[in-house]
Amino acid sequence: MDPRDIHTPVMLERCLELLAPALEREGATYVDGTLGMGGHAEAVLARFPGARLVGLDRDTDALRIAGERLASYGDRVRLVHTVYDGILEALGGTRADGILYDLGVSSLQLDEAERGFAYAQDAPLDMRMDQTSGITAADVVGTYGEGDLRRIFERYGEEKLAGRYARAIIDERSRGAITRSGHLVDVLQKATPAALRNAGHPAKRVFQALRIEVNGELTALERAIPAALESLSVGGRLVVLSYQSLEDRFIKRLFAEATRSTAPAGLPFELPEHQPKFRLLVKGTELASEEEAARNPRAKPVRLRAIERIRESA
Ligand SMILES: C[S@@+](CC[C@H](N)C(=O)[O-])C[C@H]1O[C@@H](n2cnc3c(N)ncnc32)[C@H](O)[C@@H]1O
């Protein structure tokens with residue numbers, strides 16, 4: 001299996017263009033916070049011969065596949081098995097010059113039916129990106145109370161029928177454990193009012209919510225972005241690709257905080273120490289071109305944001 005045939009890196013040229021001023025510097029350090037199958041990472045290593053890669057992923061399969069793919073780059077490559085908020089530890093005191101977070105699940109994870117990410121295929125309800133630790137989706141579905149299930153479906157899935165689906169799961173559980181994705185899809189389908197059955201797949205948002213809960217995705221992201229910003233050298237750049245409005249709103253807020261002046265309200269002038277340490281490289285978000293979205297369906301929902309460090313912290 002060649003990873004190049006499974007996954008086409010999203011907005012690749014734009015990412016390289018945004019990272020170029022930082023990664024063209026000799027000895028630059030590039031952190032790929034979501035290495036996946038190493039598509040973006042390989043392109044960075046090829047385009048910027050003076051750059052070294054620190055590649056992070058919590059999925060050991062991804063690290064193995066990317067490791068084989070990038071083997072010819074020798075000691076320019078260092079891969080670390082970690083949740084991406086471990087970026088500072090992974091860097092061990094080195095500053096990062098370019099960082100990319102390409103959020104969400106990989107094509108590899110979606111395509112491997114047995115991992116339970118896809119509602120279209122019946123499989124054990126697992127959904128852990130790191131299969132070496134943590135609770136599974138079956139644990140969440142089997143042990144969380146009704147209120148907690150409703151809360152995660154509402155918050156992480158923005159699901160309007162959250163209460164109804166939580167109730168249906170509790171009812172079904174009393175008849176026997178829900179351990180497979182097909183069983184859960186069935187429960188959700190039956191709980192969906194007939195009038196709404198054609199309004200998108202009823203399991204889509206619930207599966208998204210379970211995945212976010214199982215992997216603690218938003219908690220990790222909330223810690224990862226400030227850590228990534230802290231690690232950047234002056235002139236260093238961070239690019240984030242998100243695929244859900246929930247994640248994108250998060251990035252928007254964290255970038256807005258980082259680029260804001262810290263001058264107290266009412267001060268008639270801004271002291272140098274109050275000036276922002278970062279500037280936005282992209283106004284709002286950028287989307288993939290129509291041509292890319294048509295060619296690569298994964299690119300359709302993407303939103304890109306990018307930021308640069310313009311001065312040192314005090
Ligand atoms: C969309 S894929 C990245 C694809 C990659 N850019 C490429 O071109 O091959 C996202 C990857 O991030 C990893 N990931 C997601 N959340 C993570 C987290 N909190 N910590 C570490 N890795 C994470 C997933 O395991 C997955 O391999």
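Here the Cβ of each residue, glycine as well, is placed from N, Cα and C on the backbone.
Pulled from TrEMBL:
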BINDING   Gly38, Gly39, His40, Asp57, Tyr84, Asp102, Gln109  S-adenosyl-L-methionine binding site
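Taking Cβ-Cβ distances under 8 Å and a sequence gap of 6 or more within the same chain, the neighbours of Asp57 (S-adenosyl-L-methionine binding site) are Thr34, Leu35, Gly36, Leu63, Ala66, Leu79, His81, Thr82. Reduced to three states, the DSSP call for Asp57 (S-adenosyl-L-methionine binding site) is strand.
For the recorded site, Asp102 (S-adenosyl-L-methionine binding site), the DSSP three-state label reads strand.
Cβ neighbour density within 10 Å is lowest for Gly39 among the binding-site residues Gly38, Gly39. Of all the binding-site residues listed here (His40, Tyr84, Asp102, Gln109), it is Gln109 whose C-beta has the fewest other C-beta atoms within 10 angstroms.
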